[in-house]
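Residues or ranges marked as coiled coil in Swiss-Prot: 839-1935. As annotated by Swiss-Prot, domain 'Myosin N-terminal SH3-like' applies to 32-81. Per Swiss-Prot, the feature domain 'Myosin motor' maps to 85-778. If you look up Swiss-Prot, you'll see 781-810 marked as domain 'IQ', on the strength of sequence analysis. Sequence annotations record features per position, and here Swiss-Prot assigns N6,N6,N6-trimethyllysine to LYS129 based on sequence analysis. Per Swiss-Prot, the feature phosphothreonine maps to THR378, THR1282, THR1309, THR1513; the stated evidence is similarity to another entry. Per Swiss-Prot, phosphotyrosine is recorded for TYR1308, and the stated evidence type is similarity to another entry. The region 'Actin-binding' annotation in Swiss-Prot covers 655-677, 757-771. What Swiss-Prot records for 1907-1935 is region 'Disordered'.
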Amino acid sequence: MGDSEMAVFGAAAPYLRKSEKERLEAQTRPFDLKKDVFVPDDKQEFVKAKIVSREGGKVTAETEYGKTVTVKEDQVMQQNPPKFDKIEDMAMLTFLHEPAVLYNLKDRYGSWMIYTYSGLFCVTVNPYKWLPVYTPEVVAAYRGKKRSEAPPHIFSISDNAYQYMLTDRENQSILITGESGAGKTVNTKRVIQYFAVIAAIGDRSKKDQSPGKGTLEDQIIQANPALEAFGNAKTVRNDNSSRFGKFIRIHFGATGKLASADIETYLLEKSRVIFQLKAERDYHIFYQILSNKKPELLDMLLITNNPYDYAFISQGETTVASIDDAEELMATDNAFDVLGFTSEEKNSMYKLTGAIMHFGNMKFKLKQREEQAEPDGTEEADKSAYLMGLNSADLLKGLCHPRVKVGNEYVTKGQNVQQVIYATGALAKAVYERMFNWMVTRINATLETKQPRQYFIGVLDIAGFEIFDFNSFEQLCINFTNEKLQQFFNHHMFVLEQEEYKKEGIEWTFIDFGMDLQACIDLIEKPMGIMSILEEECMFPKATDMTFKAKLFDNHLGKSANFQKPRNIKGKPEAHFSLIHYAGIVDYNIIGWLQKNKDPLNETVVGLYQKSSLKLLSTLFANYAGADAPIEKGKGKAKKGSSFQTVSALHRENLNKLMTNLRSTHPHFVRCIIPNETKSPGVMDNPLVMHQLRCNGVLEGIRICRKGFPNRILYGDFRQRYRILNPAAIPEGQFIDSRKGAEKLLSSLDIDHNQYKFGHTKVFFKAGLLGLLEEMRDERLSRIITRIQAQSRGVLARMEYKKLLERRDSLLVIQWNIRAFMGVKNWPWMKLYFKIKPLLKSAEREKEMASMKEEFTRLKEALEKSEARRKELEEKMVSLLQEKNDLQLQVQAEQDNLADAEERCDQLIKNKIQLEAKVKEMNERLEDEEEMNAELTAKKRKLEDECSELKRDIDDLELTLAKVEKEKHATENKVKNLTEEMAGLDEIIAKLTKEKKALQEAHQQALDDLQAEEDKVNTLTKAKVKLEQQVDDLEGSLEQEKKVRMDLERAKRKLEGDLKLTQESIMDLENDKQQLDERLKKKDFELNALNARIEDEQALGSQLQKKLKELQARIEELEEELEAERTARAKVEKLRSDLSRELEEISERLEEAGGATSVQIEMNKKREAEFQKMRRDLEEATLQHEATAAALRKKHADSVAELGEQIDNLQRVKQKLEKEKSEFKLELDDVTSNMEQIIKAKANLEKMCRTLEDQMNEHRSKAEETQRSVNDLTSQRAKLQTENGELSRQLDEKEALISQLTRGKLTYTQQLEDLKRQLEEEVKAKNALAHALQSARHDCDLLREQYEEETEAKAELQRVLSKANSEVAQWRTKYETDAIQRTEELEEAKKKLAQRLQEAEEAVEAVNAKCSSLEKTKHRLQNEIEDLMVDVERSNAAAAALDKKQRNFDKILAEWKQKYEESQSELESSQKEARSLSTELFKLKNAYEESLEHLETFKRENKNLQEEISDLTEQLGSSGKTIHELEKVRKQLEAEKMELQSALEEAEASLEHEEGKILRAQLEFNQIKAEIERKLAEKDEEMEQAKRNHLRVVDSLQTSLDAETRSRNEALRVKKKMEGDLNEMEIQLSHANRMAAEAQKQVKSLQSLLKDTQIQLDDAVRANDDLKENIAIVERRNNLLQAELEELRAVVEQTERSRKLAEQELIETSERVQLLHSQNTSLINQKKKMDADLSQLQTEVEEAVQECRNAEEKAKKAITDAAMMAEELKKEQDTSAHLERMKKNMEQTIKDLQHRLDEAEQIALKGGKKQLQKLEARVRELENELEAEQKRNAESVKGMRKSERRIKELTYQTEEDRKNLLRLQDLVDKLQLKVKAYKRQAEEAEEQANTNLSKFRKVQHELDEAEERADIAESQVNKLRAKSRDIGTKGLNEE
């Protein structure tokens, strides 16, 4: 995380992680791994040093303070490389030891980074100043961050715990430990603050809160002020030190919201209530009350505001500078309000606090001449008694003269002053402690909400390990607690560490480090440990601290390595023994331990407390029971003297609860460190910190880490950092996996290969190896840098040397020239040369100047031309840029349009595909739903059957269980009776031993025979059950087949109707028949494969059922074993209770022998403790018994042996006590040693107990076997007879029920068939009527259309006639006016007119005749239509009546079906029950026969042994008669058995035969069913495909129809009148077609629409052709109309004949309409919707095509513009090249001019300076102008390049547009091809329908055959059942 990522922490960032700059500075710090070390120091523990020398195992080093020291080599510890400075996780240190940890903490603390990780720990150092690391900004930054993603912080620990709780669904705990003043309480507050912020439940809790209460978050936070007021105090180290431990559980709901909280407290330091050291003070609440912030409190408590007036609270300091007691009082009082304390509860707590202060002021004195105490004034006692609700006199009397129970009486005992003062202090402490505990309970009650809670996070704030100069009982308890917590941490830490190794695949032997501390824990808590001995001593009234010490030394000194004798040092307090804890050796002083452990109270005063009028006080002591508390009834004497609990026992109990809580959570550890004793910020006291690191387990964790692999690096990081050690191992050019690279690199290095391991993602290192690698890396880097430096220095030296050589050569040349010049400078010729040479140059310069002037003028002219050219080019460039921008805008617009068009096109295509997919998906879903519905129905029935069977099984099991329970109780009663009679039966046992052997042999033989017969019966039963199951399955499949047959019949009728509609298109579909046959073959093959798979699955299911039955049998066996073990456990419990009674008797005898002495009490206590221990051990053994049967038996035996030997030992002890009463003390020591031996020899005792139990069982079995052998047989016979009679009765009832149900079934079946026949007749009649009605309607529509056409023709003839008459009138007028001039013309015209008139009249006559005939036809048709309408109405009424009747019939049929199904299910259940009963009957008969055989065997043996069992005959009585009767019964049963056996064999043979038939029929039926279902599915799928194809064809035809309509409109403009007539006729024709399609082809609605569209298209094409020959069309139309008129007349006559047939067809059609109406309406709606979508798609496609065309035109324009720009660019390039050439010429000219200028300067140095200056100025101007021109030229070149680049881009874009247009055109072509393909598919679908129809007929025929076979099989099954029932009844009658 870099500096930028740390910005989220705001101002806290510098206090959490060092910056990048600091990290870089640390890594560049000089460091020598071999010399930089830590050495030990007396004052600083360790200091940094550099090694100077090593000699003879010693090292001389110089410390950082300049001091030279010499130490042993093993005391020197290496420093870590600089990269590990201020590391955040100290477990990652390569050298992991104490000084490294210390200095890492010190360096981080110096930078105010107070939190540091140490493996699983988080170590925090108290900064003693406020740091900005707890702000809301920091809380938000840590929320949701992993531990590795953020710096160390208590918030990180909290958030990780919270996240683990949510993700792992596991409770969490945070353990915060440390010394007083280390910051435990503050960190606990921060944890609670964090949880309250991130897991707040919001307004929900606010709504629920009552007035005066806060939210749950506020209550959790406000619990701290209340606890701190009563539980915190000032100590030497800490002004606000918690003097108790607490475990706060914060409960969360399932979503992570706060739900509730509770608090548990431990080890409150109650001694502080009455005593404080000088630098300390009492609990805060006392001083808060005295602060006078609430004066009413002082008045209520009768106190002043001066602390020194009260002795208990003024022994130390009374004020603290950092605490404002007045403000704290208000905070405490407010906290009580928020927590819901009532005013009475608050005042009661304040009163008890004030009473404690008054208690400390009570004074007592000795009576004169007596040693008894009496009150010295009663004022304080009166105040205390008033506040506590007591009587003052009773209180003083109870303190000075308490009542003590002696024997059975109470006596008053006198107390001296010291005893009274001690009692007063003890009472004050008890009141305060109980009040504190009550307050915690009351807070828990408030925090306990009714909201659901699922997980919790516990926060443990408890004191750390304490090693003081004076360590007492409190330190032992605290250190014992920390020892347990450290063991818990060690176990958890290295379990996680080793789980990491396991996860990474590292070979590792598990080490349980939790056992390292077990020896010390056992020494403290185990029996005969320190706590145990302390409690034992507390039971002895005369025991002292020294006797306690003597017992400790006797039991542990020299026997336990952790127990030592201390070395007392002068000046230090005395120590009595030492313990070796994990944190170090602690010396303990045992003075006062017995008193502290017993913590006795004045029971007289406690009795007053219990009767107090102050409710709180009486509540606190309500459950107090002292040593003399009365014994409860029924508890015996075992409770006497042990009803009070010692402090150590209570502490251990609480600690065990805490450890149980912690073990059930995932822990997180926080260790708080106090840096110095002076509370100085930034100062760290090294010895103090090291002491704490040892005490709080940080160094213990380091010790564990060092044994593993503490350093680990990811493979990639390792390869990157350490590749430099051997680059050859990982070549640069080739790819090598990071892990392989790391393995190669490490294997190539000279290091110990056992020091590292390779995991799956990381490489693990032992401690120190990473530092060695860092050292090797530094050495490698130093060598490389040294080599680079050497090479660099060599290169620099060679460069310098080369410069020196060049300088030397130059100097030599100069020297040679100077020497030569000095040698010739005085020659005369040389002088002459010096004079003439300048003159020659001046003449040449004049010539050059002239030429330069000419050149200058020429250049000036060229410059002017170039300027003009440049301006022209600039103007052109501006225009080109403008054009270019325009083109860019146009191209951009075209691109946008094209992109939009493409997007719309893609969207349209996607929408189309989605719609098609949706249609297909809906159809598939419909099919799947139907299939699922059928499957679910079948499964439901099957599950109901199974449920009924399971219920019966459960009932049987319950009956069996009840029987077993009764037998168990009877057996237990027998065991008790036999135990009592065991002594009397010993003699009988001796006599019956021989008889027992013979009976055992006979019994064994009988058992073997019985087992064999049972095996046979089991096999037969299994076979029969299997057959019955198959019969049930066949019956179920038969019922299902009947339903399928009904469905198929309905489908058949539906398909027959479809057949009539599809016969017109059958011929077109025959071409694809072969393809469909091939597909059918493939489907058949797949179906066979599926059937094979189904059979395999059924076989697997049967196997699983067998396994299930076996497992159930195994479960029953295990339950029996468990029951046996429970009985054995009950026996052991009984023995244990007997032993306990004997132990109590021994104790009573001891009490009677020794009286009420303390020794006897001690002995009783000891015996009771031992007995409780034995009970715990026994209970643990019992629990282990239930885990495993083998271990259970063994441990039972051991426990019984142990108890037996304990009895012997206790009896020996009793004898010794009775004989040696005078030496009781010595004998007590012997008993103690004997008890230790008993504990050690526990295993041997358990074995002996097992032996005793075996002997007892043998005696018992000997006594029982003879009696049981006869009693069992007698009882079994009676039981079998009763069960047999019951089963016979049940069987008769079931058979009667079956016969009744069978008769009902036959009746229902007959009624159902009659109803079916009636229904079929009604349906046929209804279909016929519907068909007739539809035909009549169609004929009526045709006649109406013809009539309308004839009417129009008549009107047309009328118009022609009127026109002719008008022409005649015109000619007549014209003839009258021109009669004279044009007589001849008139005559000719008259002739012509007469001729035409005659023709017109003939036409009129014809038309009139035709009209009259049409009128007659019209009237006749109208009459017929009226008749037909009447018939139609009648048909409709009949159809409605039939529909109503049909619906009623359907209801009746549904009710009968339901009744039939119910009766069928009842029949099946009864049949199953009958079958189960028959199988049970067979079992019972077999068992009965076997028992008879056993009886026969026993009879023979009894005859042989008649003489030896004479004594038995007296006991058995009438056994001979019973056997004789049983013999008769046996013979009868044998005969019945033979008959039943033969009947069973016949039934099995017939069943096998029928089973074969049924299996074959079922297989054929399944094949037929599967084929029908497959074909139906294919048919549905093809219909759906055809439907989709038709929709697509409609779309394509619609587009072509639109085009044809446009062309037709253009042609029809020529003949508008004829077009109108034609349109009207087409409209009428299309209307008629639609009416016909709706009436006849509703199943194929889409196909009819397609045909209508095709007809319209054909008509449009024909109209387009016919309009070219207008006259011929009209004549043909007239002829057609006349022909149609004649046809209509014939049709009318035919309609009259076929009306009856139409009525029948009307009925059939109406039925089909009702069946298919719902489907058609949904399909029509879908079609309309898809038509609308497709029309929209077509319009959008047309728009897209139009836009593409526009884009193409624009692209063409852009291409032409680009070509023009390319030409202009070429011209510009030519101009640029010309300018470039001119530039080069000018540069050459300038060079020449410069050369001439140099020569002119030498010639005219003296005279031409002015002219030279002018020329130079001119040259500079020319140069400037040239540079400007060059810049402009460069800019123009850049502009031309940009234009050229833009032209290329435009050209490329144009090409892309053209390609897009081509793609769109291809897409349109593909769509058209798809339309054609869809047409072909529609034709294929119609052809396939014909094929499916033929196959359906074939399947129907096969189905009929299968039904016949099924009926035959069913009749045979019924016969077999009847036969089996007859056999059963016959056998029962014979019995």
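The backbone N, Cα and C atoms fix where each Cβ goes, and this holds for glycine too.
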Tertiary contacts of the region 'Actin-binding' (757-771), as residues 6+ beyond its ends and Cβ separation under 8 Å: 33, 78, 80-81, 94-96, 501, 503-507, 705-706, 709-715, 718, 739, 742-743, 746, 751
Neighbourhood of LYS129 (N6,N6,N6-trimethyllysine) by C-beta distance under 8 A, where only residues 6 or more apart in the same chain count: PRO681
Long-range environment of the domain 'IQ' (781-810) - Cβ separation under 8 angstroms, sequence gap at least 6: 724
List of residues, in chain order, with Cβ under 8 A from that of THR378 (phosphothreonine) and at least 6 apart: SER392, LEU396
DSSP-assigned states of the region 'Actin-binding' (757-771) in counts, ordered helix, strand, coil: 3 helix, 6 strand, 6 coil
DSSP helix/strand/coil residue counts for the region 'Actin-binding' (655-677): 9 helix, 8 strand, 6 coil
Integer mean pLDDT for the region 'Actin-binding' (655-677): 90
